[in-house]
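Reading through the C-alpha cells given below for one structure.
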Amino acid sequence: MSRHGCRVTGELNDSSFGDPLIYIGLYSAAASVACLVFMGLDTFHGIHNRKFWFPCKYFPLNASTLILIAVATKLSVDLNTSMPRKQDQLVKLTSSAFACTVMANFLPSLGSMENKELLINMVASAIYVVTIQVNICIQLATGVIYMFCMEHVLVLCLMFVMFGILVSSALTIPATKSYFEQKYTRRYQEAMLACRFSNVTCKTKKLRDDLNRFWMMAHTSSPQFVVGRLATCTASGAVCLLNTIVLAEATFRAFFIPGTFQFCKGESDYKWSSTMILIVHGVAIVIGSIAPAFRWLNAINIISPVTVASESWKVHLEVEDYWTRSLTMWKEHPFVLGVQWQFCRKIVHNVKDHLLDVCILVQIMMVFFCKLIRLLSIYLAAFPIIVWRCCCNMFRILCCKLPSNSVHGSHSPSSNSADGSIHVPYVYCPEPTLNNYVLHLKGEKNLNNVMMRKNFDATNEWIKMGMKRRSEHLEEYLKSLTNKFDGVWYFDSPEIEPIHSPEPPNCWSLPIVTLGCIAVAVSTNESHLHELLRRIKEGLSLVRIVEESLESPEGRLTNIRKAADMVWLGLDFRYKWLDFDLHKLALGGRTKQEVLSELASMSEKIVRGFLENTQKKDLVESPSKWPIKILAANSMYRISKTLHLMNLDGVNEGVLFKTSSEIIADVMGACLTNLRRVISMQCQKSAIEEREERVLNAIVLFGKTKELLKILDERVLPQCLSQEKLGSIDEWRATRPRETV
C-alpha cells in the first residue's frame with residue numbers, strides 16, 4: 001500500500017508530514033547567515049570608515065530584508081511542531097531576540113527613506129512584529145514553549161519597546177529633514193559668499209576650503225547620521241544590549257547549570273537543523289549588538305558629560321517640537337471625507353483629533369523615556385570619561401614640555417636650512433570658522449566641539465584617496481596644450497559644406513573619439529597609438545563626468561554622447577569605426593590624404609543614405625535626434641574633411657598624427673576647465689539622502705584632478721564666455737571669428 005493517503009484503519013497517514021521540516025530549518029539557517037553577513041558588513045564598514053553611528057549600507061529596512069528576516073525567524077511562528085530538547089526551546093528564544101537585534105540595526109536606515117517609503121516599511125514592520133508577538137503568546141499558552149517563559153516575556157517586551165523606538169524615530173525624520181534642508185541651503189549660500197570674498201588667491205586652495213565647508217554641512221546633516229544622534233537611537237543600543245544579556249543568561253543556565261531546567265525527551269522534526277539555527281542566531285546577535293552599542297557610546301560622546309554636569313537635568317529631558325511636528329501637522333490638516341451628513345463628519349473629525357492627541361502623548365512619553373536612558377547612561381559614564389580625558393590632556397602637556405629630541409628622537413619635524421631659517425612642512429589646517437558649518441539640532445551644541453576635535457580633517461583622507469587615482473599620463477599629455485585651446489576651433493572648419501542644415505550640435509567627447517579614430521587610421525606606430533589611446537581613455541572618464549553634470553534638463557546632447565560611447569567602444573576594443581577596420585586603412589599602402597578622403601567618403605555616404613531613405617520629416621529636421629550611427633558618421637565627415645584641407649601640401653605620418661593628438665588635447669583640456677564648476681555642483685544638486693556621498697565623490701574627484709587643475713589654470717579662457725557657456729563646445733567655437741583654413 002502507498003505510504004501516502006489513508007491507513008488500513010481509514011485514518012490519514014501523516015507519518016511523513018514532518019519530513020520536510022529539516023530542509024525548512026536549513027533554509028531558515030541560510031537566511032540567518034545572510035542576515036549575519038550583511039550586519040557584519042555594516043559593522044565592518046562603520047569601523048573601517050570611523051563612522052561610529054554605523055550607517056546601514058548593506059542591510060537597510062526594505063521589503064527584501066523583511067522577507068529575509070521572516071524566513072530567518074520562521075521557528076518563532078511555528079505554532080504546533082514539537083520542540084522538546086533544550087536547543088529546540090532555546091532556538092525559539094533566539095529567534096525573538098534575533099528579530100529585536102535586527103530592528104536595532106535597522107534604525108539609521110530610516111533616515112535615507114522618502115516619506116512614502118517610510119510609511120510602507122513601518123506598516124510592514126508592524127505586521128511582522130505583531131505576528132511574532134501573537135504567535136509567541138499562543139505558543140506560551142499552548143505549551144509548545146514550556147521553558148524560558150520569563151525570558152520570552154522580557155524579550156517580547158523589549159521587542160515591543162524597540163518597535164516603539166522605530167515608530168518614534170520615523171515620526172521625527174520628515175521634520176528633521178525639512179529643518180536640515182533649509183539650514184543647508186542657507187549655509188551653502190553663506191559658504192559661496194565666503195568664497196567670493198575670500199582673501200585666498202590660489203583657486204585650488206579656495207576650492208579645497210569650499211569642499212571642507214560643504215563636507216561639514218553634508219556630513220552633519222546626513223539623515224543616517226542625524227538618526228544615529230537621536231535619543232531614540234541611543235535607547236535602542238541600551239535595549240539591544242539588554243536583549244543580548246537576557247539571551248546570554250538563558251543560554252548560560254541551559255548549558256552550564258542543567259539542574260535548573262527539566263527538559264522533555266524526544267526529538268523535534270527539525271532535528272539537527274535547529275542546532276544550526278541556534279548557533280547562527282547566537283553569532284548574529286553578538287555581531288548585531290556591536291553597532292547599537294557603539295551608537296549608544298557615541299551619543300554619550302556627543303553630549304559631553306562635563307556639559308551635563310554643568311546644566312540642569314531638565315534641559316536634557318526636554319522634548320523638542322520636531323519630535324511631534326509631523327503628528328501636529330496631521331492634526332491641523334483637515335480630514336476630507338466624502339460624507340454629506342455634518343454629524344458624521346464631526347464625529348470623524350473629533351475621533352481623528354483625539355486619536356492624534358493620544359499619539360502625541362505617547363510620542364512625548366517615548367522620547368522622554370529614551371532621553372532618560374541617555375541621561376542615566378551619561379551620568380554612569382561621566383566619571384570614567386572625565387578621568388580618561390584628564391589623563392590624555394596631562395600626557396599631551398608632558399609631551400609638549402619635553403625637548404623634541406627626547407620625544408621624537410634626534411630628528412625634528414622642522415629642519416634648519418643653511419641660512420638658519422626654519423622650514424616647516426606644509427600641513428593643511430582648516431579655517432577657524434569651520435565650526436559655523438556644523439549643522440545640528442536643538443540640544444546638540446557639543447556636536448561642534450566633537451566635529452572640530454575628531455572630524456575636521458576627514459577630507460584629507462578622501463583627497464589622498466583621489467590622488468592615488470591620479471591620471472599621470474593625462475597630466476603629462478595636457479602639458480602640450482596650446483595657450484588658448486586653439487584645437488577647439490581647428491578640428492571642424494567652417495569651409496566644409498554641411499551635408500544637411502541645420503547640423504547636429506556638438507558634445508565634447510564625440511570630436512575626441514573621432515580624432516582618435518583618425519589617428520589610428522593614419523599611423524602605423526603601435527607604441528604611439530597605445531599611448532594616445534591610454535591618454536584618451538583617462539581623459540574620457542573625466543569628460544563624461546563634466547558632460548553628465550552639465551547636461552541640459554531636456555537632454556539635447558544625450559544622443560550625441562551615446563554616439564561617442566559607441567565609437568569609443570569600437571576603437572578601444574577592435575580598432576574599428578562603425579565596423580570599418582582602421583588598422584587596415586593604415587596598412588593599406590594609401591597616402592594619408594587618401595585615407596582621410598576615404599573616411600570622409602564613407603561617412604558622407606552613410607549620412608546621405610539616411611537622409612534620402614528616412615520617411616520621418618520631423619526626425620530629419622531635428623539632427624540631435626538622429627540615430628547614433630548617423631551622428632558619428634556626420635562627425636567623421638566634417639573632421640576628416642577638415643584635416644584633409646589642413647594637409648593639402650602633403651605631410652608625413654608623424655605630423656598628421658601629432659596634429660590630431662594636439663587637437664584632442666586642446667578639446668579635452670577645454671572641457672576639463674569646467675571641473676571646478678562640476679565639483680561645486682555635485683555638492684549642491686542632490687537630495688539630502690545622497691548629499692554626503694555626492695560631496696565625498698566631489699572631494700575624491702578634486703584629489704584626482706588637483707594637478708590637472710593647476711595645469712589648466714595656466715591657460716587662457718575666452719573672456720567673453722560666462723561660466724555656464726564654458727560648458728558648451730558650440731559656445732566656445734562661436735567666440736572665434738571663422739578663419740580660412
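Yeah, the Cβs are placed from backbone N, Cα and C, and that goes for glycine too.
Bear in mind that the values here come from a model prediction, so they are computed numbers and not experimental data.
Summarising the annotation, TrEMBL assigns transmembrane segment to 20-39 (among others).
The transmembrane segment annotation in TrEMBL covers 59-77 (among others).
Only residues 6 or more beyond the boundaries of the transmembrane segment (119-147), in the same chain, are considered here, and those with a CB under 8 A from a CB of the stretch are 61-63, 66, 69-70, 73, 76-83, 86, 89, 92, 96, 99, 103, 110, 113, 153, 156, 159-160, 163, 166-167, 170, 254, 261, 263-264. What TrEMBL records for 119-147 (among others) is transmembrane segment.
Here TrEMBL flags 153-173 (among others) as transmembrane segment.
Within the chain carrying the transmembrane segment (226-252), a Cβ under 8 angstroms from the stretch's Cβ atoms is held by residues 53-55, 90, 93-94, 97, 100-101, 103-104, 107-108, 110-111, 148, 151, 154-155, 158-159, 161-162, 165, 168-169, 172-173, 176, 180, 282, 285-286, 288-289, 292-300, 302, 366-367, 369-371, 373-374, 377, 441, 444, 447, all 6 or more beyond its ends. What TrEMBL records for 226-252 (among others) is transmembrane segment.
According to TrEMBL, the transmembrane segment annotation covers 272-294 (among others).
Feature annotation from TrEMBL assigns transmembrane segment to 355-388 (among others).
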Long-range environment of the transmembrane segment (272-294) - Cβ separation under 8 angstroms, sequence gap at least 6: 21-26, 28-29, 32-33, 35-36, 39-40, 42-43, 46, 52-54, 72, 75, 83, 85, 87-88, 90-91, 94-95, 97-98, 101-102, 104-105, 107, 236-237, 239-241, 243-244, 247, 251
Same-chain residues near the transmembrane segment (20-39), Cβ under 8 Å, at least 6 residues beyond its ends: 58-59, 65, 68-69, 71-75, 81, 98, 102, 105, 268-274, 276-277, 280-281, 283-284, 287-288, 291
